[in-house]
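Below: the structure, in structure tokens.
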Amino acid sequence: MRVKGIMRNCQHLWIWGTMLFGMWMICSAVEQLWVTVYYGVPVWKEATTTLFCASDAKAYSTEAHNVWATHACVPTDPNPQEVILGNVTENFNMWKNNMVEQMHEDIISLWDQSLKPCVKLTPLCVTLNCIDKNITDWKNTTIIGGGEVKNCSFNITTSRRDKVHKEYALFYKLDVVPIKGDNNSSRYRLINCNTSVITQACPKVSFEPIPIHYCAPAGFAILKCNDKKFNGTGPCTNVSTVQCTHGIRPVVSTQLLLNGSLAEEEIVIRSENFTDNAKTIIVHLNESVEINCTRPYNNVRRSLSIGPGRAFRTREIIGIIRQAHCNISRAKWNNTLKQIVEKLREQFKNKTIVFNHSSGGDPEIVTHSFNCGGEFFYCNSTQLFNSTWNGTDIKGDNKNSTLITLPCRIKQIINMWQGVGKAMYAPPIQGQIRCSSNITGLLLTRDGGNSSSREEIFRPGGGNMRDNWRSELYKYKVVRIEPLGVAPTKAKRRVVQREKRAVGTIGAMFLGFLGAAGSTMGAGSLTLTVQARQLLSGIVQQQNNLLRAIDAQQHLLQLTVWGIKQLQARVLAVERYLRDQQLLGIWGCSGKLICTTTVPWNASWSNKSMNQIWDNLTWMEWEREIDNYTSIIYSLIEESQNQQGKNEQELLELDKWASLWNWFDITNWLWYIKIFIMIVGGLIGLRIVFTVLSIVNRVRQGYSPLSFQTHLPTPRGPDRPEGIEEEGGERDRDRSVRLVHGFLALIWDDLRSLCLFSYHRLRDLLLIVKRIVELLGRRGWEALKYWWNLLQYWSKELKNSAVGLLNAIAIAVAEGTDRVIEVVQRICRAIIHIPRRIRQGLERALL
């Protein structure tokens, strides 16, 4: 019977073991994913950063005092690389592009810096007595009317401030205005004296634009849209990455965009909002239109002393004169307008397009203003914008001449485009001036009014130089490269396994760099990561302070705007690299491109499978999906690495147990002897204490202490039957033993008693655990059998019910089918018997 019971128990244990093994296999089938760090992933985010310039200034001009100061730029890359980004769609917005704002600020700074050491013309803000200058034109005819040039005399301080003498100078009519309230029409003043500080451009300053390449520092990149019909806003599917832009000439002009880039296929018109007439329309031409400008007459510069160390440079006109003018091919211009009209009609629902002259404003806006050979031309563009287009037919241009000649006027006192309250005096240029430029774009404004009108009127615009820069930077944007990426993988870092300890590290994260100085070394070690990060932040802050100081004192350091940008770009690149390397070091991933961690992947971050992530998503798409959880993942990796560091430290402290040979070291033996003596002493002490307590207890019960030789009764074991001992004695369950003699015997008896006690208690505990396990197994097995029987019963009932239902349905269907067949048969018989019934009826009728 016992053998059968053992076999039944073994069967139960076998079944239980099989079930547990199956459950373990099912649970282990679920793959555990772990966070893996990748360095160098192709991920970027939109950013604003300090760009620096690259230019080949020597190839364009040897003049060291060019206003653009491009000699401070780095040389251009002879082999620029452009990487096409396949399967990438990126959004661009030319109207909200920080590159435009940065270029605008740079050009303003360059102009201000170039004019800063030049002479202020405040002493010339005096009363001028002016008369018209008699000029001979190319027909040898004296011209007095019109007064294009004024000969003005004035009192001026010489090299000695207490001495004044009379001088004269020639001014253009546009540069002087009559003094108000003065009836004498010959009294004038300089036009900007009451509103601006006039600075005379230095004699060696040149305004010839040199192509400037804007470059991104290390850690950043410039994305370029290569869609040939890109309108400046929205998604771009043909994207590439470059380190520098193409060469951009910072041409300061209004109405017409000069010497820029061309559209690759057809003309493109761009506007932030075509329905808003306050928004400028930028027209990007696909073919340039040449404009040739000339100032025919000859000038000779003369210098006037206007104070100690100051000189005012004026002119003398020698020889014949023609009015300054510009020539444009009429056929090319009309063909260009025709293509522009086609694009405008697409936007404005096939309305009649009308081009009209500027509606008024400052001379810079009303005319086409630009710099030609150092002189500032203001050309009347009415002939360019004076036509009506109904479809592709032009009205209003009936002239047969092949050239359009724009009359131009020259100003020497220029309203600075950088801001209000600034003006510049451009010294006269000697000799004849000729310049040839290419019109590559237009700036247009649209009249508002009745939207139901059949006409749309467009006028030349400009004045906001940001639109000039925007026409070249529309296809670029700056992004910050994020080389650190995290993704789930099946790989886990093999580390020293140890339970985490609940240490208050969260509070330590908010300590400052020196906040842990008064803490213990153990508590301070928890803030090492924080201290490293704070240290880098301090370095970055110190560099930023240095840059601000340099920027504020650049006039003393003789640094150009480009020099400041070079320094900023280099510092920024170092900061970016240090930040990434610091994070890799904190995570224990220094020098690794792929670094596994012990952080389990949380499905709440992304519940996509491995195949969906690695086979279907790009790094950019993956980064957008987990962007909200990146900081959490970073903090978990950091905590995991900190715990790993503590585990390794504790492991190293236990490293002396790695070799058993160390156990035989003399120092270890002395330690073993010390421990043995302490144990023996403790046992002896416990023996003495228990003996004293036993004696005291017996004395309290009324017994007197006996000799240690007295036999004491000891309880008989339950496995010993009652009986007579070998030497006789009473028939009870007790036996007497003598107390041991000697020190070693006493120790041995105590150790034996302790071991027996431990053995009995452990055996009892194991028996209890065994009974509990058997009881739970038996109850569990009975419960499983009950549920199995219940499942079989209900399965059988459901089966019988289903069979009965099917039988009933089959019987009902069969009976119904039989009845239908019977009815059909009767109908068919009746139809078949109709002729017979007719015949029988006829026979009866005949009888």
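Note that Cβ sites are derived from N, Cα and C of the backbone, with glycine treated the same way.
Matching 344-378, 379-413, 624-658 against Swiss-Prot, the residues noted as coiled coil span 624-658. Feature annotation (Swiss-Prot): of 502-523, 744-765, 766-787, 810-831, the stretch labelled region 'Fusion peptide' is 502-523.
Of the candidate ranges 260-292, 293-325, Swiss-Prot annotates residues 293-325 with the feature region 'V3'.
Between C244 and the candidates C202, C215, C225, Swiss-Prot records the disulphide bond with C215. In terms of Cα distance, the glycosylation sites that sit within 10 Å of N292 (N-linked glycosylation site) are N327, N438, chosen from N87, N327, N438. Distance noted between the C-alpha atoms of N438 (N-linked glycosylation site) and N334 (N-linked glycosylation site) is 16 Å. Reported as a whole number, the C-alpha separation between N334 (N-linked glycosylation site) and N273 (N-linked glycosylation site) equals 26 Å. Sequence-distant contacts of the region 'CD4-binding loop' (358-368), counting only residues of its own chain at least 6 positions beyond either end whose CB sits under 8 Å from a CB of the stretch, comprise 174, 253-256, 326, 377-381, 384-385, 406, 409, 411, 415, 417, 459-463. Note on proximity: of the glycosylation sites N87, N273, N380, the one nearest N628 (N-linked glycosylation site) is N87, by Cα distance.
In three-state terms derived from DSSP, N292 (N-linked glycosylation site) belongs to an extended strand segment. The average pLDDT the prediction assigns to the region 'V4' (379-408) is 80. Within the same chain, residues at least 6 positions away in sequence whose Cβ sits under 8 Å from that of N273 (N-linked glycosylation site) are K279. For the region 'CD4-binding loop' (358-368), residue counts in helix, strand and coil come to 4 helix, 1 strand, 6 coil, using DSSP.
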